[in-house]
Amino acid sequence: MSMLKPSGLKAPTKILKPGSTALKTPTAVVAPVEKTISSEKASSTPSSETQEEFVDDFRVGERVWVNGNKPGFIQFLGETQFAPGQWAGIVLDEPIGKNDGSVAGVRYFQCEPLKGIFTRPSKLTRKVQAEDEANGLQTTPASRATSPLCTSTASMVSSSPSTPSNIPQKPSQPAAKEPSATPPISNLTKTASESISNLSEAGSIKKGERELKIGDRVLVGGTKAGVVRFLGETDFAKGEWCGVELDEPLGKNDGAVAGTRYFQCQPKYGLFAPVHKVTKIGFPSTTPAKAKANAVRRVMATTSASLKRSPSASSLSSMSSVASSVSSRPSRTGLLTETSSRYARKISGTTALQEALKEKQQHIEQLLAERDLERAEVAKATSHVGEIEQELALARDGHDQHVLELEAKMDQLRTMVEAADREKVELLNQLEEEKRKVEDLQFRVEEESITKGDLEQKSQISEDPENTQTKLEHARIKELEQSLLFEKTKADKLQRELEDTRVATVSEKSRIMELEKDLALRVQEVAELRRRLESNKPAGDVDMSLSLLQEISSLQEKLEVTRTDHQREITSLKEHFGAREETHQKEIKALYTATEKLSKENESLKSKLEHANKENSDVIALWKSKLETAIASHQQAMEELKVSFSKGLGTETAEFAELKTQIEKMRLDYQHEIENLQNQQDSERAAHAKEMEALRAKLMKVIKEKENSLEAIRSKLDKAEDQHLVEMEDTLNKLQEAEIKVKELEVLQAKCNEQTKVIDNFTSQLKATEEKLLDLDALRKASSEGKSEMKKLRQQLEAAEKQIKHLEIEKNAESSKASSITRELQGRELKLTNLQENLSEVSQVKETLEKELQILKEKFAEASEEAVSVQRSMQETVNKLHQKEEQFNMLSSDLEKLRENLADMEAKFREKDEREEQLIKAKEKLENDIAEIMKMSGDNSSQLTKMNDELRLKERDVEELQLKLTKANENASFLQKSIEDMTVKAEQSQQEAAKKHEEEKKELERKLSDLEKKMETSHNQCQELKARYERATSETKTKHEEILQNLQKTLLDTEDKLKGAREENSGLLQELEELRKQADKAKAAQTAEDAMQIMEQMTKEKTETLASLEDTKQTNAKLQNELDTLKENNLKNVEELNKSKELLTVENQKMEEFRKEIETLKQAAAQKSQQLSALQEENVKLAEELGRSRDEVTSHQKLEEERSVLNNQLLEMKKRESKFIKDADEEKASLQKSISITSALLTEKDAELEKLRNEVTVLRGENASAKSLHSVVQTLESDKVKLELKVKNLELQLKENKRQLSSSSGNTDTQADEDERAQESQIDFLNSVIVDLQRKNQDLKMKVEMMSEAALNGNGDDLNNYDSDDQEKQSKKKPRLFCDICDCFDLHDTEDCPTQAQMSEDPPHSTHHGSRGEERPYCEICEMFGHWATNCNDDETF
């Protein structure tokens, strides 16, 4: 590669993020801090080398991420005109770019608008980066890290090592960053270490964004200090911005930008910067007491900050040793020297001994405190290491399972690819066989055409018996041609399937490659993890004491307690969610009932539509009967015409006149009926969309019947013409009369053809409207389905959001409780001694661990939610694919129908061509006969004048026919206008229907909102009802008792009444019997009648009592039902009360658990105080054992070393956790890749659909041109018939001339010569006309053949060369320019369309009005004027 210009890219930072992975440590990296500025200046030259390495690694077509968050594919790599150096052009997946592949009028690649972007290769990554890396902190220079606050430390620690910036950074290792060694910390630089620790705490962007508040002290760009005055979004740029009031006039404004004020300050003191460029400053404590008390904390803070920066094990051990030395110096060496000096001064006297004893006791207390601190840290480290080892084991198992699954998937994909390859080979074999068959068929067709020519020559000699053979051969040829077409379509289908299989194999191979890459990466990561595990195994804590083990066990018990608490909370939350889900299911059931109502309404509308369809079918049946009667009358008229051929001229003319009047009447009736039907369709189309389908089907049947009748008429006409030819040979005298009849028949045929054309136009327009209606129905269905899916998704989202809100509220409540408890504990712990401080540190560590656990759980939940959303999007894309495939199948079926229609048209054209050939042969025979006759005889001038008169008469007839043609065309145009009006009305009705649909949709949405409001009100009412329930229960109980008592009373009363009625019935029956006996005895009519009346009264009374009994039974049943319902309600209320009581008990249990924890903490504090007293007692004993303390110091140092090792292991485990998080991100990226692949497949399907639509439009145009050619052929046929008639007239005139010559022999030879010359000239003229007509016929045949071949092969470019006689010599013409956006030819191409250009081609002229003496701001990063390097946006792209 050629040497590149220095791009001014920043050197990578030496600060390591907490989320980054562990890297290789350099062997020898030593450079003073004073040389950082020179290394920064020198970084411009090696940056070109890094760019070369980036360009070498990346390739065109590779999948990358711009700044770690914008996915796309590389389409360009190299130098550009708009800026020096190497640039990469990327096509993004989403329209969030800046161009369409062209910048400043120069095109580097082609893509959709706002999807193209140009960046430096160093900004590209092959994986999705974390947020802090993607925001641009990856490439901040070392000069920014050295703030004004830490200049003192930089000056004092001049010998601290720093890595050189010349080492390039490859993109294949995106997480690789250079470690920076931390300077040694001395006792003199406490304030500097405090400021450095404060700055290091604000290292991560996320923390900075969370902690920034208005009024905070911050640094902008690492150099400008100030106070935050504004936080939020602005009008001048997108994203979150921070408005800072600087300490010095180094800003750009006074708090206002572009006329809008965000805060108030002095001019040049205001500055706006993105949030990720602003870092918070912490202030060190100034009081000496606090500094002495928190010396250990400061040292720990500095060591942790330095550990975060340096990943290497050597730097970590050195920092831990430095920290231990710093913490131990004031306690051991300093005090020892002081005691020795005091012993030297005050040897004599008891006071000196007492002071020495006090100092030693203080020294022992400090040593004990440090020992306790170290023990606590070791315990924490061991517990943390155990947990991380368990997590590592789980991660290893998961990784092994994932690897096995990936291998299984790989095997499946390989089998799939092999099967696809086999299918491909089989399809290729089939293609070759089909091609062979096609070639054989073409050879057969050529042979048949040769034999056809021979047979036609023979048919001139023998007429009748061989005509049948020729017809059979023609039929064979047609069958062969049809089979050829079938084989061609088969071949086309096979080719398409081959292309589809190729695309599928390519996509599967790319998937396999990606999976193999992922496998290799995973295997490497596993190997690295194993190596680290083997290298970082603990050496075995042999010297750990029993006290440490006891503390570990106590901590484990606390952890178990917290876990049980968490599990209880989770179970309570699950129960809460279950209740919520039940309520949601009830709401869904209510919605289902509403949908059922709507479906019933739809069914009623459908029944109305069916009724309307029946009415329309009756109208069509009437119209059909009328058409049939008209066709029958037309056929009768044709038969009468045939009969009238044998009769005289007068009767024929009258019949023709009658026929014409009848036809005109028929046309008028037909037009009136069509107008009536159109009016009906206009009025009913909006309400009855399905009527059109039935009408169209029946119309098609009618048209087919008409076409059949027309074909029958044509066949009859052909037979009549044959008869006329026979009669011409027999009787030459009746030729003139027959010519007139034939002309009239031709006029009728022309009119029939016009009618057929009009009908064809109608059918084509009806088909177009049908297709539009189908498309509209499909779109409506798709929109309704999409809307329903959207509603479902919205409901699910709302439910999920509600659940999340409830969880957040509960979390906040618990966190507030926990914070209040921790505050109380801290207040108590401040009063305790150094041991209580150790306890507080333990609790802080525990809290940090819990926070980390919560963060990890939240990340895991987010990842699972994202995976679910990705799966949903995948399912949606699959559904869309299925819909597209269905549309594709519909269009392909339409294409096949159109091709079948073309084939039918071509068959008709071929039949007409055969007829033309027969006529041409007959014409040639006649011409030969005329030539022979003209040679033999002469003609007179009188005959010539007669000929001219006849010609004039025929020309007049032609003019009259042309006038009739124009009238017919006007009628056709009128019909077309009426059809257009119909289409406009149909579109209006469709628009109205769409509007109605939208209104209904809005009403449904309103109803939904009303239902939601009702649900809220119902919830409130439920709460009120719960309050009222307790009152209502007591009231209902009392009412129940009263009602039961009343019912019992009524039952007793009714039973008494029943008994009385029964007794009365029995008494009455006895009386009846007595009366009957008396009636028998008396046998009188009056007494019998009286008895009958009494019987009737008794029966009436009995029926009344029975009815009252039934009424009482019904009332009893009703009351029992009411009792049952009240009991059920009572049970429900009791259940709800029990649930509320259970919730109260759960909350009480939580409160008791919190109280128990507080009590345990109090007990722990008491135990610690007891331990303190015990330790004070032990201090006296330890004073005697000062000699042994030195050995303990050495053991203490060993413990410190072990602690440093454990700290290193902790850091490495954190790094591994970050690696696992990155693995999850990579899995997300792979899912996004699969989504992009599906979207690409969708775009391909859309492109195929557009191609098919274009082919359909081309075929329709070709159909129209074929119809126009058909009309031209018919006019030529009519001209041919006229010429044949002229030839026959000439033959008759020749015969008459011969007779006259035989009679008049006295004419002179000179006149005969002149007549012969005149006749010869006429014959030459006629011959030239015939030759011209033949040429026209040949040209038209060529055009028709070209059109048919183009329609079959799908190539429209061959039609440009049909006019050329020598096609082989001429070169093909260039294709015409066509714009798909504007739909116009010859203006411009789609790539050069002005509507596509969204940005101005020429950049605007820059005018600068500054003074020449001022220094213009220049950025070394962008290599542009207008701003300084400190104000540069790192994420700048083109």
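Each Cβ is built from the backbone N, Cα and C atoms, and glycine gets one as well.
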*Check the candidates Thr50, Thr571, Thr583 against Swiss-Prot and report the one noted as phosphothreonine.*
Thr50
*Among the residues Ser599, Ser941, Ser1195, Ser1364, which does Swiss-Prot list with the feature phosphoserine?*
Ser1364
*Pick from Ser48, Ser1371, Ser1406: which one does Swiss-Prot list as phosphoserine?*
Ser48
_Annotated phosphothreonine residue, as Swiss-Prot has it, among Thr468, Thr1038, Thr1310_ = Thr1310
*asked:* With respect to Swiss-Prot, which of the residues Ser143, Ser683, Ser788, Ser1189 bears the note phosphoserine?
replied: Ser143
*According to DSSP, which kind of secondary structure is Ser1236 (phosphoserine) found in, if we only use helix, strand and coil?*
helix
*Over all shown protein chains, what is the count of other CB atoms within 10 A of the CB belonging to Ser1236 (phosphoserine)?*
15
_Local confidence of the domain 'CAP-Gly 2' (232-274) - pLDDT mean_ = 91
*Under the DSSP assignment, what numbers of helix, strand and coil residues are found in the domain 'CAP-Gly 2' (232-274)?*
0 helix, 19 strand, 24 coil
